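These come from TrEMBL:
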- 29-486: domain 'Major facilitator superfamily (MFS) profile' (DOMAIN)
- 21-42: transmembrane segment (TRANSMEM)
- 84-104: transmembrane segment (TRANSMEM)
- 116-135: transmembrane segment (TRANSMEM)
- 174-195: transmembrane segment (TRANSMEM)
- 207-226: transmembrane segment (TRANSMEM)
- 295-317: transmembrane segment (TRANSMEM)
- 329-353: transmembrane segment (TRANSMEM)
- 360-382: transmembrane segment (TRANSMEM)
- 394-414: transmembrane segment (TRANSMEM)
- 435-456: transmembrane segment (TRANSMEM)
- 462-482: transmembrane segment (TRANSMEM)
Amino acid sequence: MAVGFAVAGGEEDAGRRYGGGVTAFVALSCATAAMGGAIFGYDIGTAGGVSSMDPFLRDFFPGVYRRMKQQAHVSNYCKFDSQLLTLFTSSLYVSGLLTALLLASWVTARRGRRPSMILGGAAYLAGAAVSGGAASAPMAILGRALLGVGLGFANQAVPLYLSEMAPARYRGMFSNGFQFSLCLGALVATVVNYGAEKIAAGWGWRLSLGLAAFPAALLTAGAVFLPETPSSLVQQGRDRGEVRALLRKIRGGTDAAVDAELDDIVAANAAVAKAQQEGGGLRLILTRRRYRPQLAMAVLIPSLTQLTGINAIGFYAPVLLRSVGMGESASLLSTIALVVISSAATLASMFAADRFGRRTLLLAGGAQMLTAEVLIGAVMAAKLGDEGGLSKGYALALLVLIAVYSAGFGWSWGPLSWLVPSEIFPLEVRSAGQSVTVASGFVFTILVAQYFLAMLCRMKAWLFFFFAGWIAGMTVFVYFFLPETKGLPIEQIDKVWADHWFWKRVVGEHEAQPSEKL
């Protein structure tokens, strides 16, 4: 059984047809939009660091604080087991899920990508203010919920914006900028956490939470001056001359190349009105066979990404390191090193995705993560009991293995779990497809955030073998079911499904081309 595909027209034909390059205008626009990733990363980095700080735990989660101090009576794996503490982390993703499903998709499709980014930044600013000034656990959780509204809008709009603005040949590099800025946001958060923990008065956690306003302000202010994407302008019925002028400014190519890309966008948009008449993008995704491959990817890729255990590490790395015997300050400093390594790996992926392809990175990264996860579980199972900590040698080995795991994720599943779903949907269902992607990721993020500490308490080291099993499964899934999409113009990517060994049986020849069905 051959596992492969062919692409009509070919990567080289598509590249010659559109031409153009990376202009300063599009680079600046995409860099500004990628700040949406920074607010996500800052939150991930902040949540884990703050929830390991003694003053924060003492003020809002005294039960966890008491268990942490009673080391002789509580298992290493159960010190931080608290549903209220995990609700502090997961409440953001509950509100983000509801926002993505009920509001952000509609705004992004009807009003554009730019308004969604502005709304996302403004909501995140409000959440940062409430979180930084929280006087009780419910108020802290409310602040997290407001942050989630901001992420619901930002995660809906920013990946689409980057995919639609980037030149086809460099879409991987530009779109992976979202994950890179996420890593930078997490790095800033871990550095802030490390400094905030040193504040003797005990209010450092307020600084960590309140400074989330900084990347949010950059996104909000920057989005005000951003242009809308050509695809979104066409979708909103704007004048062809206006869209052509913007596309020429973005691409900097010849008139023929600009007209060729604009023709593809207009042709794709012709299906949008028909889609709205037939119930909208979400209804079509759920009912039409020709969208089944994209629907499968939009659900499975973000879901499987969370089941690697990466957000368990991201949210709770300081907590996990404290569980194995590190001090508060040492655990935060070690987390900084982990985020630096992950950021460097993500930077590498920005250049590798368009050279080696999406499939190659996902397969190689999956193998690296699987190996590291199994060894993490083995070290903890063999050397970490219910009481006492790891020796310095084994603690260092555990830290190195987590770094190897984080690097593998950083150059593969981390950025590509945003890139692949954002580039595979036709225009008529693109916004709805992105809402499915965001919602799927949020659902499993909620589950991991809410239950990781409880699972760690009950499964102990076996939890890491649980995650390893999922990594093995998802690597096999990519090998058999994900076609390559590097270098293809975004309006032509849906052709790959009709040429794939499996998906062509699902979509059928009569549904291979949009013009025949919509």
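Glycine is no exception: its Cβ is also placed from the backbone N, Cα and C atoms.
A mean pLDDT of 84 is what the model gives for the domain 'Major facilitator superfamily (MFS) profile' (29-486). Per-stretch counts of Cβ pairs under 8 Å to the transmembrane segment (207-226) identify 174-195 as the leading one among 84-104, 174-195, 329-353, 360-382, 394-414. With a cut-off of 8 Å on Cβ pairs spaced 6 or more residues apart, the transmembrane segment (116-135) and the transmembrane segment (394-414) reach fewer than 3 such pairs and are scored as not touching. Counting Cβ pairs under 8 Å that are 6 or more residues apart, the transmembrane segment (84-104) and the transmembrane segment (360-382) reach fewer than 3 and are not in contact. Below 8 angstroms of C-beta separation, residues 45, 48-49, 52, 172-173, 176-177, 179-180, 182-184, 186-187, 190-191, 193-194, 197-198, 313, 317-319, 321-322, 361, 399, 402-403, 406-412, 414-416, 419, 486 of the same chain, each at least six residues beyond the ends of the transmembrane segment (329-353), sit close to that stretch. Contact between the transmembrane segment (174-195) and the transmembrane segment (394-414) is present: at least three CB pairs lie under 8 Å, with pairs separated by 6 or more positions in sequence.
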